[in-house]
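A.B. asks: First the structure, which I've put down as structure tokens, then a few questions once you've had a look.
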Amino acid sequence: MADDDPFGTGQMFHLNTALTHSIFNAELYSTDIPLSTADGPYLQILEQPKQRGFRFRYVCEGPSHGGLPGASSEKNKKSYPQVKICNYVGPAKVIVQLVTNGKNIHLHAHSLVGKHCEDGICTVTAGPKDMVVGFANLGILHVTKKKVFETLEARMTEACIRGYNPGLLVHSDLAYLQAEGGGDRQLTDREKEIIRQAALQQTKEMDLSVVRLMFTAFLPDSTGSFTRRLEPVVSDAIYDSKAPNASNLKIVRMDRTAGCVTGGEEIYLLCDKVQKDDIQIRFYEEEENGGVWEGFGDFSPTDVHRQFAIVFKTPKYKDVNITKPASVFVQLRRKSDLETSEPKPFLYYPEIKDKEEVQRKRQKLMPNFSDSFGGGSGAGAGGGGMFGSGGGGGGSTGSPGPGYGFPHYGFPAYGGIAFHPGATKSNTGITHGTINTKFKNEPRDCAKSDDREILNPPEKETQGEGPSLFMASTKTEAIAPASTMEDKEEDVGFQDNLFLEKALQLAKRHANALFDYAVTGDVKMLLAVQRHLTAVQDENGDSVLHLAIIHLHAQLVRDLLEVTSGSISDDIINMRNDLYQTPLHLAVITKQEDVVEDLLRVGADLSLLDRWGNSVLHLAAKEGHDKILGVLLKNSKAALLINHPNGEGLNAIHIAVMSNSLSCLQLLVAAGAEVNAQEQKSGRTALHLAVEYDNISLAGCLLLEGDALVDSTTYDGTTPLHIAAGRGSTRLAALLKAAGADPLVENFEPLYDLDDSWEKAGEDEGVVPGTTPLDMAANWQVFDILNGKPYEPVFTSDDILPQGDIKQLTEDTRLQLCKLLEIPDPDKNWATLAQKLGLGILNNAFRLSPAPSKTLMDNYEVSGGTIKELVEALRQMGYTEAIEVIQAAFRTPETTASSPVTTAQAHLLPLSSSSTRQHIDELRDNDSVCDSGVETSFRKLSFSESLTGDGPLLSLNKMPHNYGQDGPIEGKI
């Protein structure tokens, strides 16, 4: 506020020497102070006051219990502040005044009380022999905020009358008063005005929680009066023990001590008492070259709970491409004095870029064609052939080949049929060959399928022909008795023949499928005979349908869905892998819109959630896949899922805002998502999140299209305007104020602690008001906006609106055109034209105007619209009558000579009787990469000229609010 300094020039009093220096530029000590030589007398502080642990007391609390202790004071050894006049022996007078702790010291409004104290000043005599002066019973009286200006003005007046450092502590132009000594004198009107202005200015900046002691010694002159002033000395700062910024900073607990290098992860931190607008969370790392990296946690005053808990988001690490964890430190830091807490360790770990493990699965070794064949001879061919691991027709010594192990079907004498390797070259999925094992996730209706006669042995005895594929162990034959051996040989022979017949039937079935494929070229001929194997899962729990989607084989997905349609389809299309991902989840994650449509067509279930509780709507909104989200929202089951929270308590609309996806947000709003739904952690709505992320595009979309409740509250009563004010966002504060936000709504956070209340007398004890957006205003611009001052942004050359030729249309032509656009036909009215002209996002605002078509034309003119584009839009609508009206205007000379109507002449009905549109057309987010229609559409609003005129003003709010500020602003926000 230095620009408002009334002492910046001498014009106020029309004197050449008056007020030539600002009080902000006053030096700590005046250059005309005498007796400031190395050999002469000087004042020295022997014992500094104790900086922390002493409480400032209010008048109603009575005197302090014990005086201000010295810095070295201990429980059993008390000490107090002391000064000494050096190089001098004789009578002297020492005064003590309270001064501020800023760079430039000024008188403080608090008062010293105790023995030898009067009017807030302590006066003690020294000498004639002992030149050490102690102050054993000093107390500090805390003035209330309401009386700061009054007390400070009286204190400055007293200092000027007595000559107690007025040039140093009041204003440099009053330095000459010290020469008059301590005698009473009358102040001139000019001097009184200087004092009043100085008191007013210093009141705004005064910190009531900290003071310093200024010691000044006066030596007697030739007349015996104490007028010879020694150079004053100033003590260390003394902090009120009840003030938040007086306590020692300390981190008590954090719920996390590690986070990703990309930052943005939420952490809950418990601490000793802090001041919500004077605290930072600092991350730092000391580098080997001596440098220091630092980053600061992201939070606003609304994220500080009762001065003891902070919820913040971690900063991004200096290098997001690290390959191993990096150790840093985190600490609390006070903004005002840069005091820090003891640092705590924090670990940054590398970014997990493949949280869904899609890339990992894609990078696995792809199967080679040669891997499907063994190295031996015959049908078995060494481990990869049709009949398992045998090396040739009768081989029995080969080891099991790779691929899926097929169950034995109750034949213990034979190894499982080893199929060729799958896409992952794994042996998992169907359980490996063990006695009487079953399929993993085997379909319940598999026995009813066409393969039942192959998979189940017949009741009748089957005689096998040809040699047995497997032989009994010779070791067993040697040990068993002869009769037992014969019986066993018969059983084995029976089982050999039975198994061989079934294996040959299976081979014939696959051979026929291969012939059919050769004739038709349709891969579904091969897939059909293996359709029951689609339920097999690999070591990650993925089925063939999961893998086909992961590897982007869209046509294969369609083929699999076709051959498995029917009784086993539901089990396959909704099967989850080990990450609880269904094929539909993976199709959304891999951005395959066509596959999503195919899965939905065959009945994929939208309601299934992944391991984090995310539905497919959450996943699409998180990745910003608006096309896929649109496909999902068309499903009949989407309406039941659209407001479902995930494991973090976030709805899809919350995630769309957090992902900065305007298109997804618009789709969700249009589909009926609950705009005012609260996330389940703290009760924030989508509008709270948009303000928290400083995203005016999304905030405008929620207000204009979603009709969001502008004064919606969190669990602690915080509104979006609280957040905007606390973060100092002028644009969002102006937008919310224009939408009708109430700057006087109190949240549940006490404005102050009852013990620290500014004034107990005259107030109802125990009743503490909540905090309003006005109380939280981080700067004067936000404060003024909340008090009704119009928002005035600084425009750059890029902000200049384009110029069109719509103004060439005469008033009569525009009125005729507007009349044609007011017809109820949905294909030819103003709403359809707005969509064609790119202004459809403002249709909700247009409807609130008494003449929507006229408002539309005014907006189109402001946006730089052209007649050519207007005619083309009308042509697309097939509105020949409207086109003829425009063409006729240019055929009539009299009409073209008419003066065009201006936007300021247009009659616009206000949406609210008091709150203005507040330059919504100026609220462009120059840093945004997407356009909500709020950046460009707010530019296109024709409200800007009406804002500067005398006509009615447009606003977004529905409830009238009128707030103002009477008188000058005093005090610090």
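Keep in mind that glycine also has a Cβ here, set from the backbone N, Cα and C atoms.
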A.B. asks: Which of the listed positions, SER30, SER370, SER483, SER757, does Swiss-Prot note as phosphoserine?
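C.D. replies: The residue tagged phosphoserine by Swiss-Prot is SER757.
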A.B. asks: Which of these ranges is annotated region 'GRR' in Swiss-Prot: 179-202, 371-394?
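C.D. replies: Here Swiss-Prot associates region 'GRR' with the stretch 371-394.
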A.B. asks: So which residues does the region 'Essential for interaction with HIF1AN' (648-682) touch in its own chain, when a touch means Cβ under 8 Å and the partner is 6 or more beyond its ends?
C.D. replies: 311, 612-613, 615, 617-618, 620-626, 629-630, 633, 638-639, 642, 689-690, 693, 695, 697-698, 701-702, 705-709, 712, 714-716, 930-932
A.B. asks: Average the per-residue pLDDT over the region 'GRR' (371-394) and send me the rounded value.
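C.D. replies: Mean pLDDT across the region 'GRR' (371-394) comes out at 40.
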A.B. asks: Calculate the distance in Å between the alpha carbons (Cα) of SER336 (phosphoserine) and CYS60 (S-nitrosocysteine), and round it to a whole number.
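C.D. replies: Rounded to the nearest whole number, the Cα-Cα distance is 29 Å.
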A.B. asks: Among the modified residues listed here, CYS60, SER336, which has the most company in the form of other Cβ atoms within 10 Å of its Cβ?
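C.D. replies: When each Cβ's neighbours within 10 Å are tallied, SER336 leads.
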